[in-house]
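Below: the structure, in structure tokens.
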Amino acid sequence: MLQEDKSSETMHDPSTRGVETRNVTAVDSPLETATTSESPETERTNVAPAKRDWRFWALLVSISLAGLLTALEGTITSTALPSIVNDLGGGHLYVWVVNGYLFAMTAMQPMYGQLANIFGRRWPMLGATALFVLGSGICGGATNIETLIAGRILQGIGASGTTVLTETIICDVVPLRERSKFLAIVMGMIFLGTALGPFFAGLIVQYSTWRWTFYLALPVGGAALVALFSFLKVKYQKETNLATKISTIDWAGNALFVAAISSVLIGLSWAGSVYAWSSFRVLVPLFVGIAGMGLFMVFEGSRFAPNPTVPLHLFGNRTSVGVMIMTFFHGIITIWQLYFMPVYFQGVLGSSPSRSGVQILATILAILPAAGIGGFLMTKMGRYKPIHYASWAVTLIGLGLFSLLDSGSSTGAWVGFQIVYSMGAGMLVPTLLPALLAPLSESDTALGAATWSFVRSFGMVWGTAIPAAVFNTRSDQLAPELINSPALRADIMGGKAYEHATSAFLGTLSDAASEQMKNVFSRSLRQTWLVSLAFAGMGLLAATLAREVPMRSELDTEYGMEERKPKKASEA
């Protein structure tokens with residue numbers, strides 16, 4: 001069991017970065033015994049919202065735009081990929097158009113947290129956005145698959161930075177108590193981009209060329225760059241020279257981390273699609289990567305890492321550990337639902353990809369207000385545990401309802417079930433990061449947010465691999481029983497069911513064969529949704545690990561917005 005009092009007292013050095021004793025001694029203590037100057041109930045209720053000028057709102061719009069764009073480009077290739085491969089070729093390399101982006105975005109997130117602490121928030125954010133725009137231009141102009149993959153990797157490196165820094169900047173300029181409201185806006189835009197990517201890709205491919213799925217980022221990204229340059233003006237320590245700053249980067253730790261995570265991601269990308277899960281080509285990179293992650297954590301806690309990318313004290317209290325676990329499972333469930341509701345729409349209802357994109361709007365249109373409600377409640381109550389319990393419970397109900405869907409389900413059923421699920425999952429969106437940061441000092445904001453972003457992204461990777469394996473395995477079991485044609489059974493067996501769960505494939509079959517195939521897909525999806533309940537249940541259990549920590553209502557950070565220079569008397 002984690003030690004609460006001793007670990008929290010030694011977690012930070014109170015002499016550094018102006019950390020107040022209150023934030024150290026009260027870390028992760030029960031509310032009833034928190035050693036604050038006010039009672040917890042007073043802290044929760046007597047908080048007046050800070051007044052914010054137009055510069056704050058301009059900054060919020062700027063970082064929201066950057067987050068929306070990078071999230072949109074993260075999923076936009078899922079629908080456009082067949083057209084891209086048809087034009088550029090590339091054979092088996094096509095998978096790296098998706099995986100290259102995913103690998104770069106996931107593996108680089110902790111490093112961006114450290115860069116934000118060393119160089120401030122402004123230039124890493126501008127650099128990441130510029131890299132993303134450059135990568136988009138390379139992708140749009142690619143004449144072969146190798147160039148496209150290189151552009152996607154650049155996009156991923158840029159997206160990694162914008163994701164981490166968007167959340168970090170909000171934490172810098174908004175007190176902990178109010179953060180969930182504004183995180184609901186920013187992260188809601190990120191979620192919106194993630195969900196709408198395939199829909200926009202379908203429209204673009206249908207009415208134009210796939211290249212505009214990438215060229216679209218140029219004017220939008222350019223506008224985001226101009227806005228960020230104009231409005232992202234936050235404080236940071238400028239006294240240290242460049243050579244000293246570069247020398248403080250945890251080069252060895254970051255290299256070890258990137259290598260370990262890449263190994264895990266390679267294993268997951270091959271599992272169930274290129275090789276069977278039991279293949280040594282899958283198991284070896286998975287085991288090597290997991291061992292590498294363990295070695296990375298040992299290194300980060302050693303004397304060889306004086307300025308670690310992921311300080312171990314981030315995991316030194318049960319609240320932060322509980323929130324990290326919840327974040328991992330929330331990442332799994334989020335992508336699980338976004339990827340497998342379209343399988344139902346296309347593989348069971350027979351919808352086209354573009355119509356499927358419209359049908360899943362029920363999730364999007366419900367999750368955004370749900371995030372707003374979660375953020376409002378957290379700010380109003382100054383509590384997160386009741387929200388987490390309620391959110392996971394409703395998420396479990398929604399996932400369970402999905403298992404009832406079949407080819408005869410009404411529109412009201414699949415719309416209503418999405419709304420129920422989204423109300424639960426949506427309230428978690430803005431309330432996990434503030435809960436993670438509650439027991440930590442403000443000096444840990446960037447590293448904490450970066451680690452949290454990585455855990456969420458890492459969960460999303462598993463959220464595609466696990467349900468695909470469940471779906472394919474169940475289809476292999478059902479096909480001999482439900483499909484009459486041996487040739488048709490061979491089409492979907494051996495891990496190929498997921499890739500065939502499309503309206504295009506169903507359209508090539510006779511009516512009788514199509515009904516048999518829909519039955520296989522429907523029953524396989526039912527199993528997939530039932531398995532998802534286990535992961536959401538573990539998220540609910542993790543909520544019991546966290547403790548309620550009083551949420552600070554004042555900022556104590558070195559990276560807040562720069563004060564406006566007063567006008568001279570002659571100008572007044």
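Yeah, the Cβs are placed from backbone N, Cα and C, and that goes for glycine too.
What Swiss-Prot says about this protein:
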REGION    1-46  region 'Disordered'
COMPBIAS  1-15  compositional bias 'Basic and acidic residues'
CARBOHYD  ASN23  N-linked glycosylation site
COMPBIAS  29-39  compositional bias 'Low complexity'
TRANSMEM  56-76  transmembrane segment
TRANSMEM  88-108  transmembrane segment
TRANSMEM  123-143  transmembrane segment
TRANSMEM  156-176  transmembrane segment
TRANSMEM  185-205  transmembrane segment
TRANSMEM  212-232  transmembrane segment
TRANSMEM  255-275  transmembrane segment
TRANSMEM  282-302  transmembrane segment
CARBOHYD  ASN317  N-linked glycosylation site
TRANSMEM  321-341  transmembrane segment
TRANSMEM  358-378  transmembrane segment
TRANSMEM  386-406  transmembrane segment
TRANSMEM  529-549  transmembrane segment
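Among the stretches 212-232, 255-275, 386-406, the one making the largest number of Cβ pairs under 8 Å with the transmembrane segment (123-143) is 212-232. Here the transmembrane segment (386-406) has long-range neighbours at 326, 333, 337, 341, 344, 348, 374, 377-378, 413-414, 416-418, 420-428, 431-432, 435, 522, 525-526, 529-530, 532-533, 536-537, 539-540, 543, 546, meaning same-chain residues at least 6 beyond its ends whose C-beta is under 8 angstroms from one of its own. Between the transmembrane segment (255-275) and the transmembrane segment (88-108) there are 3 or more Cβ pairs closer than 8 Å, counting only residues 6 or more apart in sequence, so the two stretches are in contact.
Contacts between the transmembrane segment (212-232) and the transmembrane segment (56-76): present, as 3 or more C-beta pairs lie under 8 angstroms, all at sequence separation of six or more. Spatially, the transmembrane segment (56-76) is adjacent to the transmembrane segment (185-205); three or more Cβ-Cβ distances between them are under 8 Å for residues at least 6 apart in sequence. Among 156-176, 185-205, 321-341, 529-549, 185-205 has the largest number of CB pairs under 8 A with the transmembrane segment (358-378). If one looks beyond the transmembrane segment (156-176) by at least 6 residues along the same chain, the residues whose Cβ comes under 8 Å of a Cβ in the stretch are 50, 56, 59-60, 63-64, 66-67, 70-71, 73-74, 100-109, 112-113, 115-116, 121, 124-125, 127-135, 182-183, 186-187, 190, 232, 234, 433-434, 437-438, 445-446, 449-450, 452-453, 457, 551-555, 557, 559-561.
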